[in-house]
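Encoded as structure tokens, the structure appears first; notes follow it.
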């Protein structure tokens, strides 16, 4: 009789793909099937994030709830980035946890579920970490890792300590996975890496040397692939070749994530980001010039240690000049093992909160203007989700969330939609064809 697996995923798209890898491994080798019912689960997993302090606190509140809800004999496992940096401390704080797997150790999940108090948190450079069977959370798109880890060592970021140095996955393995996904019906390919456009700088062995721009072209040539998305690129590596291929290739979706973090050059230097305010503005302007329909999203940290009022105003200036379609903004959160956590000039909570509120309020005003301008336009929308209110939703080519009245027969299809109404985060429309 098949065993039941319940899995909760916190954090980024990399974690989503790691969870898909875990599900594939357990279903193929250990006869587990996925369940959404916690109470019937034989195995309960939480795949964790540690990029800020809040998700770490959430881990322990969640596993505490799992311990109360689990049926007799059910096992609880903690995976992901928090597992990497806390290690066996998780057992001390939550003794009912049965095993701990770091972010670079998910290939050991079969061993973990069969071994009492199993723990593995070392940085694994073995190619087994990305040679998993196929499982997709959505039949209409496929998340595919092209690299693992990060070399940037930004002073605020824990990721290099939890996911290790950057290793590119060989192009032949990526293309094989793309072909498999397309054959199985995924028309959209979503490429993942901490710095995707740094792809090709280091492999774990002797492999074909290829950069990210050329990899995008190769993937676009795979039969059945209609759309390509990726996250996250680094502004430092947005050279003209990359921007040209992004702008001109008809299969690459016209949405670009450009993580700003700060609009002040001094703060960027202390963050160890490697670029200046002027470089970022130049790349954003070049992108909008080459690709007028592009939507640009970004990450912003306010109240980085030592950030003055004037330096924060530089961030507001970039917000005004680029007019991002979407921002992911947070107060600086000190992380263990990072340089910035040792800085003595931390910003007080009141100042940090005020800056975040101002940033988000102004962006909401910008977003309202951007969204209102979509009304009356006809957008190509790839439908992939049934909504609870009875509609069908998908993403436009430039990443707007669009909803229409319809049924599941629309899923997996790209159709033209005329936008008839707008809300801050959703466009509403009717089929134009």
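Yeah, the Cβs are placed from backbone N, Cα and C, and that goes for glycine too.
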Binding-site annotation, Swiss-Prot, [4Fe-4S] cluster 1: partner of 12, 49 in 81, 150: 81
Per-state residue totals over the domain 'MTTase N-terminal' (3-118) - DSSP helix, strand, coil: 57 helix, 27 strand, 32 coil
Helix, strand and coil counts within the domain 'TRAM' (372-433) (DSSP): 4 helix, 34 strand, 24 coil
Neighbour count (Cβ, 10 Å) for residue 49 ([4Fe-4S] cluster 1 binding site): 23
Protein Cβ atoms within 10 Å of residue 157 ([4Fe-4S] cluster 2 binding site), excluding its own: 22
